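Peer 1: These came from TrEMBL, pasted as-is:
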- Ser234: active site, nucleophile (ACT_SITE)
- His299: active site (ACT_SITE)
- 166-315: domain 'Peptidase S54 rhomboid' (DOMAIN)
- 120-139: transmembrane segment (TRANSMEM)
- 170-191: transmembrane segment (TRANSMEM)
- 203-223: transmembrane segment (TRANSMEM)
- 235-254: transmembrane segment (TRANSMEM)
- 261-283: transmembrane segment (TRANSMEM)
- 295-314: transmembrane segment (TRANSMEM)
- 326-347: transmembrane segment (TRANSMEM)
Amino acid sequence: QLDPENTGFIGVETFASLVHSHELPLDPAKLDMLVALAQGNDEGQVCYQELVDLISSKRSSSFKRAIANGQRALPRDVLLDETGLGIYKRFVRYVAYEILPCEMDRRWYFYQHRACPPPVFMAAVTLTQIIVFLCYGARLNKWVLQTYHPEYMKSPLVYHPGHRARAWRFLTYMFMHVGLEQLGFNALLQLMIGVPLEMVHGILRISFLYLAGVLAGSLTVSITDMRAPLVGGSGGVYALCSAHLANVVMNWAGMRCPYKLLRMVLALVCMSSEVGRAVWLRFSPPLPASGPQPSFMAHLAGAIVGISMGLTILRSYEESLQEQCGWWVLLLSYGTFLLFAVFWNIFAYDLLGAQIPPPP
């Protein structure tokens with residue numbers, strides 16, 4: 001009735017009378033933001049889609065422009081007020097400064113963040129990895145260089161080139177680790193970087209990025225290091241870390257995390273050291289082994305996934321990936337790689353006569 005031509009717009013006065021006459025249970029702060037949007041367009045009208053987006057805590061591009069142009073500020077207790085914040089709110093504010101490069105995004109994240117759903121994906125993956133490690137450590141009475149134990153490599157979770165037909169191994173190898181050092185490194189990074197990323201960007205995006213790195217790692221090993229097995233979640237970990245580091249570099253001036261240069265140098269040194277250790281274990285094992293040791297190529301594959309696909313995800317906070325041409329190009333490239341890797345695993349080993357070590 002108020003929009004007979006179905007334009008999706010009504011006047012501000014009409015909308016205000018509608019709110020008062022029907023006593024709509026809307027958040028007053030969000031109503032103020034909606035009025036700011038109306039003030040930001042030429043005709044002073046309220047857009048129905050903007051109302052829907054605002055009530056569902058999504059921001060349209062016009063909402064961003066209205067805030068950026070100073071038409072309306074977010075509530076004053078957003079992010080800047082040090083007093084009166086509980087421990088959890090302080091942690092949320094810390095996460096906002098660590099992950100987001102734009103002050104407007106940080107304020108909006110702090111304002112609309114809810115504790116439910118919690119960041120369960122990275123916590124569940126890390127907990128499962130620790131439980132699996134403890135089970136095998138207690139069973140084999142071995143806590144370092146576990147892959148040198150023949151019974152360890154018989155696990156149905158380990159990726160082995162002789163068991164390529166068991167497709168689940170291309171993912172489940174992320175629950176197995178060489179030893180305490182690799183597990184500790186991966187678990188620490190997953191909790192320190194993965195959990196804040198999941199809090200900001202959501203479980204779907206971060207789980208997709210992590211699993212894409214894991215899958216790319218095992219498939220890259222099957223192509224470039226055809227004789228080697230693979231254990232550890234380094235493909236997913238390096239996808240998250242490289243995406244975050246690349247996002248910090250690309251938005252250096254806007255990042256407010258303290259000591260960012262020092263922390264980036266330390267992160268790069270630790271990641272490089274872990275890759276160097278994996279290369280050493282692959283080609284110069286300290287102990288005699290019955291077969292090749294796990295490959296290090298998953299680290300590099302995960303880093304490539306993070307810098308390409310992950311950077312696009314992290315730079316699209318609360319923006320639809322489906323509307324970005326670059327995202328579809330990356331997704332098509334990743335799908336092409338997966339298809340090539342599948343055919344490689346089916347045909348290339350026999351055509352090239354690869355000498356695969358017998359599976360344990």
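In case you wondered, yes, glycine gets a Cβ from its N, Cα and C as well.
Because TrEMBL annotations are produced automatically, they should be read as predictions rather than curated entries.
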Peer 1: What does the DSSP secondary structure composition of the domain 'Peptidase S54 rhomboid' (166-315) look like, as residue counts for helix, strand and coil?
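Peer 2: Counting residues per DSSP class in the domain 'Peptidase S54 rhomboid' (166-315), I get 110 helix, 1 strand, 39 coil.
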Peer 1: Cα distance, His299 (active site) to Ser234 (active site, nucleophile), nearest Å?
Peer 2: 6
Peer 1: Among all the protein chains here, how many other CB atoms are within 10 A of the CB of His299 (active site)?
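Peer 2: Taking every protein chain into account, the count is 23.
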Peer 1: For the transmembrane segment (261-283) and the transmembrane segment (170-191), does the number of C-beta pairs under 8 Å, pairs 6 or more apart in sequence, reach 3 or more?
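Peer 2: Contact between the transmembrane segment (261-283) and the transmembrane segment (170-191): present.
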Peer 1: On average, what pLDDT score does this prediction assign to the domain 'Peptidase S54 rhomboid' (166-315)?
Peer 2: 93
Peer 1: Which listed stretch (120-139, 170-191, 326-347) has the most C-beta pairs under 8 A with the transmembrane segment (203-223)?
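Peer 2: Highest pair count goes to 326-347.
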Peer 1: Short question: which residues 6 or more past the ends of the transmembrane segment (120-139) have a Cβ under 8 Å from it?
Peer 2: 146, 151-152, 155, 157, 174-177, 180, 183, 186-187, 190-191, 194-195, 197-198, 203, 206-207, 210, 233, 236
